[in-house]
Amino acid sequence: MSHDMTSRELYLRLLTYVRPYWKAFLAALACMGVASLAEPVFPAIMKSLLDDGFSKANGPWDWLFYPLAIMGIFLVRAIFGFLGDYLMSWVSNNVVAELRQAMFARMVRLPTRYYSDNLSGRLMSRIAYDVTGVAGAATNALTSLIKDSLSIVGLLVWLLWLNWQLTLITLSVVPFIAIVVRVFSKRLRSVARGQQESMGKITQVLQEAIEGHKVVKIFGGQSYEEDRFYESIREQRRLAMRATLASAAQSPLVQFFAASGVAIIMGVALKQASSDQTTVGSFVSFVTAMLMLMAPLKRVTDVNAPIQRGLAAAESVFSLVDEETEPDSGKEELGRAQGLVEFDGVTFTYPGSERPALDSVSLTVRPGECVALVGPSGSGKTTAANLLPRFYALDAGEIRVDGHALPNIRLNSLRDNIALVSQDVVLFNDTIGANIAYGGKRDATLDEIRAAAKAAHALEFIDALPEGLNTMIGENGVKLSGGQRQRLAIARAILKDAPILILDEATSALDTESERHVQAALDELMRGRSTLVIAHRLSTIERADRIIALAHGHKQEEGSHAELLAHDGLYARLYRMQKAEEVAV
């Protein structure tokens, strides 16, 4: 996993994303190199000026040379520094965009179990926040590291040429600086991981408060949510201060060792000057180069914190990119299925649960037949619906479509033959037309979309809207009523025209008028399709070809509505209870 990768391995992997932009990357490095290598030219000019300029300047051009040379140096630094920064930023922003795309592409292909086991807020935080951390390491931090490192190398080369003895004294403090940086790097990386987890919790609390704002208001949960949010941001603040403490402590220590080296050097240089072992120009040039060395050295040590944050973020990013996608080892293509669905001794247990949600359940849905699953909460109805499209893998038994075992069928081929309409309608912040013609049907014609909407009894309210099919419906269809949202979901399923249909309590949350429209749309949708209905309101499935009653994951009884009432078992008891409740209301 990515948490086991070293810093070098993480950087090398990041560089694989840089490969498509290698020309711009090399150009950025070249520009930074020119800008950085202009650094030692300034102290070199200072040496020449002090040793030769004042005493040997006779002609008019001698007086202009040094001012023009200094202006030229800083002009070169400015131009090439700008080009280097811009090109490196262009490369890094493209890399970040590709990383986000890679994360999103992997996310939409993750197995359903991953979403059950991981907080959605943390997943959102990884794509939004963690990639930004990589951007910080890839832009500002990386730019500073490259540019300042080249400046340090250039100045050290000049110092070695000028006085190698003094330079060796300078380098003697490097091991101490390296130890400080190494110790603090581990600390900063650890804290950065904690900050990422903390940001995920903040995002989760925000998401729940926003999505559940009506519940928060009705039940007076404002203070409770404020406390939850305060706890999450307090943890983030605590971790931020730990990171600041490590970063702030590192910089003075590095500067102390560097200043100690400078102090020793100045003492030795003064002794050499007193014995005529060095010139004034050489001494001033050496001290100037030493002082110029301090700024890039400080920036290089300061950049350690964002680099460690970036590496911790890269670990998080690659851990998502490396997650295994849904297993899809099937080779068989269904084409358009006839619609024969068979559950044969199916057993499934949710992770962390001791009792199977389904235990040795067998059932058959013949082509064009409507089979309803009923039972109390927790009986396994929705689990059966989730297993047919292979949202989860079975523990035991087998599910077949047209005689083909699910693991042998290509995942896309299987799901192309299944449409789903559930109680929890999912709509996207797009137009009505785009929500009907979603996914594989996005190239549907206007006539096909209108025909699907008409069959779903949705065209009447759509045409009443000023912009019709082009109406934006807001997040999850917030601008529409429950019945309207449900009919759009049915229109989407009608347009898909899949031979197998799953209805998961599709009318349980609707009022009577909305249910009448939706039930009419469902009747249109179910015609000629193999339909598996998960029902809570038993009155909606009286016309089903067969009804299967489940309890505690076991099949209790099977038959038509009339047969099960005559049997006077579980279904009959549930039916009488609901009828009594309806009369009481």
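Including glycine, each Cβ sits where the backbone N, Cα and C put it.
What Swiss-Prot lists as ATP binding site is G375, P376, S377, G378, S379, G380, K381, T382, and the listing cites sequence analysis. Here S377 (ATP binding site) comes close to no residue that lies at least six apart in sequence on the same chain with a C-beta under 8 angstroms from its C-beta.
Marked as domain 'ABC transmembrane type-1' by Swiss-Prot on the basis of sequence analysis: 26-309.
When pLDDT values are averaged over the domain 'ABC transporter' (341-577), the model yields 88. If you look up Swiss-Prot, you'll see 341-577 marked as domain 'ABC transporter'.
Among the features that Swiss-Prot reports, transmembrane segment is placed at 25-45 (among others), with the record citing sequence analysis. Within the chain carrying the transmembrane segment (25-45), a Cβ under 8 angstroms from the stretch's Cβ atoms is held by residues 18, 66, 69-70, 73, 76-77, 80-81, 83-84, 87-88, 91, 143, 146-151, 153-155, 157-158, 285-286, 288-289, 292, 296, all 6 or more beyond its ends.
Taken from Swiss-Prot, the feature transmembrane segment covers 63-83 (among others), and the record attributes it to sequence analysis. Sequence-remote contacts of a segment are chain residues at least 6 beyond its ends whose Cβ falls under 8 Å from one of its Cβ atoms, and for the transmembrane segment (63-83) they are 27-28, 31-32, 34-35, 38-39, 41-42, 45, 48-49, 53, 57, 147.
Annotated transmembrane segment per Swiss-Prot: 127-146 (among others), in sequence order, evidence recorded as sequence analysis.
Annotated transmembrane segment per Swiss-Prot: 150-170 (among others), in sequence order, evidence recorded as sequence analysis.
Annotation comment: Swiss-Prot describes 250-270 (among others) as transmembrane segment.
Positions annotated as transmembrane segment by Swiss-Prot: 277-297 (among others).
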Checklist entry - In DSSP terms, helix, strand or coil for T382 (ATP binding site)? => result helix
Checklist entry - Once G375, P376, S377, G378, S379, G380, K381, T382 are set aside, which residues in the chain still have Cβ within 8 Å of the Cβ centroid of the ATP site? => result T383, L550, A551
Checklist outcome for this item: Most isolated by CB count within 10 A, of the binding-site residues S379, T382, is T382
Checklist entry - G380 (ATP binding site) has how many other Cβ neighbours within 10 Å of its own Cβ? => result 24
Checklist entry - In sequence order, which residues at least six apart in the same chain have a CB under 8 Å from the CB of P376 (ATP binding site)? => result A551, L574
Checklist entry - If you count the other Cβ atoms within 10 Å of each Cβ, which of the binding-site residues G375, G378, K381 comes out on top? => result K381
